[in-house]
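Asks: Okay, handing you the structure first.
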Amino acid sequence: MVADPPKGDPKGLAAVEPTANGAPAQDPLEDSGAAVGRCCSSRDQVRRCLRANLLVLLTVVAVVAGVALGLAVSGAGGALALGPARLIAFAFPGELLLRLLKMIILPLVVCSLVGGAASLDPSALGRLGAWALLFFLVTTLLASALGVGLALALQPGAAFAAMNASLSSTGAVEQTPSKQVLDSFLDLLRNIFPSNLVSAAFRSYSTSYEEKNFNGTLVKVPVAHEEEGMNILGLVVFAIVFGVALRKLGPEGEPLIRFFNSFNDATMVLVSWIMWYAPVGILFLVASKIVEMDDVGVLFASLGKYILCCLLGHAIHGLLVLPLIYFLFTRKNPYRFLWGILTPLAMAFGTSSSSATLPLMMKCVEERNGVAKHISRFVLPIGATVNMDGAALFQCVAAVFIAQLNRQSLDFVKIITILVTATASSVGAAGIPAGGVLTLAIILEAVSLPVSEISLILAVDWLVDRSCTIINVEGDAFGAGLLQHYVDRTEQRGSEPELTQVKSEVPLGSLPAPNEEGNPLLRHSPGAAGDAGACEKESVM
């Protein structure tokens, strides 16, 4: 029987009524307090998530705002209304970001590779390098095949063939004799072994052609010259070999190894500072590039199917092919890995440069995706130099597009030639804006297509090249993640014989029962076991 409620308590809140199973009922005040506590806890979790991913959100917002601002300024008159001086001032914040990123590329690449190569055993270094190059080669071949298949299926150049004469006449520029395939590979080998390390920091070797008159006949003559741009391939090779040499020195090389490691750590601190300026720079980089275009609508209307083919291929390769390869080998969620590198991907879209994205990519794969420093700082600089999945796919689409444009059929031999040449030439593509277009002429020459049609590709390269850069840096990151998984499995296999030997020496029956009194090392946790949430994970590196 329930007692009468006391005075001042007409609803009987002071009385505790038993429930059906005899347990006392929960106090409503305690319920409200628990609800408030859960609400505060969820707010804290949301706040921690926002704080941890603030740079990602700011970068994505900057990209969207840059597109909106560029379209708004273009609608108000664009570059003609601004004038040359105001256009330069409008693009200045983005130019400043590019200069800051390029400033730290040289010390970051050299120091990270020297330290990474010196920290690895030469045999392990060879295995890691071989696996990395194999992964990059296979993914580039897959990207090339995907590009050719999409271009043959969607026929982007067939509908555009009727408009070819008018657009080619308005957009064509004077063409210099194009580079031969053999000379391109020889230039690649020359750049691997630079004659001067100081000049390799800002120049690279290239072969150009001049037409000279010999007895009334015009002959293409190769001429060697140094072109502006860092010879990053030569610096990468030198840094790796130099790091191996320091390891061979033993104790005598330790001070120099510590110097390069400290230099690299200080450079990463600079990277973390620069990244907070990145959203501002990306906003104006994207906006200024859209403003510089004469008529974005006309370009999309005339070359829309070609753009769609390139972007669709990049989306399939970046969202399906690369994640599927990562999942098949690691059995881990690839899209969680992608979320960890979302900021570098947005940076790649804004800067359109694999090399400029390298510092932030190193920071994110180490801190957010758990890749060891010696792996990321060894694999990522190599990937930024030789892994160009996006460029290979775009070059294959462009080659098939130009063939359809000129009503030239592609037989099986020519398709294989496009695949092989695109895969090989993408290795030599510079990690700079429009680097893939520079090597497209090699593919066109290999299948006897007119190089003059590159002017059409250049008209929309400002958009396609940004998509290429995203795929390039994503492939580098997945390569580092796969190598980290390979190293982890190798270490586990190396420790298994020791564990088996220890277990066989002690019979199971002689072990004490794992209770609290007999084993003081056991401690019961009050909370439930499980992984921490993705937003609560922090780096311990």
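Cβ atoms here come from the backbone N, Cα and C positions, even for glycine.
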Asks: Based on Swiss-Prot, do Leu50 and Asn333 face the same side of the membrane?
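Replies: Both on the same face of the membrane, per the record.
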Asks: How big is the Cα-to-Cα gap, in Å, between Gly383 (Na(+) 1 binding site) and Asn215 (N-linked glycosylation site)?
Replies: 48
Asks: Using a Cβ cut-off under 8 Å and a sequence separation of 6 or more, which residues in the same chain sit near Asn387 (Na(+) 1 binding site)?
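Replies: The list for Asn387 (Na(+) 1 binding site) reads Phe136, Thr139, Thr140, Asn472, Gly475, Asp476, Gly479, given in order along the sequence.
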Asks: Compute the C-alpha separation of Thr385 (Na(+) 2 binding site) from Asn215 (N-linked glycosylation site), stating it in Å without decimals.
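Replies: That comes out at 43 Å between the alpha carbons.
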Asks: Let me check the 10 A CB neighbour count of Asn215 (N-linked glycosylation site). How many other CB atoms are there?
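Replies: The answer is 5 other Cβ atoms.
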Asks: Need the DSSP three-state call for Asn472 (Na(+) 1 binding site) to compare against my parser.
Replies: helix
Asks: Which residues of the same chain, at least 6 past either end of the topological domain 'Cytoplasmic' (366-374), have a Cβ under 8 Å from a Cβ in it?
Replies: 115-116, 119-120, 337, 340-341, 477, 480-481, 484, 487, 539, 541
Asks: Centre the Cβ atoms of Gly383, Asn387, Asn472, Asp476, go out 8 Å, and tell me which other residues of that chain have a Cβ in range of the Na(+) 1 site.
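Replies: The surrounding set, listed in chain order, is Phe136, Ser354, Leu380, Ala384, Val386, Met388, Asp389, Val473, Glu474, Gly475, Ala477, Gly479.
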